[in-house]
Amino acid sequence: SGSCTVKTCWMRLPTFRTVGDFLKDRFDGASRVIYGNKGSNRASRVELHHLEPENPAHKPPSPHDLVYFEKSPNFCTYSGKTGTAGTAGRSCNSSSPALDGCELLCCGRGYRTRTQRVTERCNCTF
């Protein structure tokens, strides 16, 4: 008869790229916090805790901010304690601005360039 008696609604997730970009933006703006003490509630004698920025000049985090308690280990240097191998001695791409680029991978230590000439058989036919 042309009339609609049933409606179906559903929620759809954003694209993976959209979620990734959102999380990366939050990660880049994350701030280190400490566990602060707001005082006590006299009625229940329960201590109320909250997160305070490590740097008092920063604003307190909102419920939507990404925060962290501990600094990340230094992945540039070897550490048996954290199990990080460091980046010394690794090959890097001097023309890449990405994670494999020498500027990021060498952690500001500088790097040596090496030019190689490679001759290979290409099995070309003319």
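Just so you know, glycine gets a Cβ as well, placed from its N, Cα and C.
Counting every protein chain shown, 14 other Cβ atoms lie within 10 Å of the Cβ of Cys107 (disulfide bond). Mapped onto three states, the DSSP output places Cys107 (disulfide bond) in coil. According to Swiss-Prot, the disulfide bond annotation covers Cys92-Cys107.
Per Swiss-Prot, the feature N-linked glycosylation site maps to Asn93 (among others). Counting only same-chain residues six or more apart in sequence, the Cβ atoms lying under 8 angstroms from the Cβ of Asn93 (N-linked glycosylation site) belong to Asp100, Gly101, Cys102.
Feature annotation from Swiss-Prot assigns N-linked glycosylation site to Asn123 (among others). Under 8 Å, Cβ to Cβ, and six or more positions away along its own chain, Asn123 (N-linked glycosylation site) finds no residue.
Annotation source Swiss-Prot lists O-palmitoleoyl serine at Ser1.
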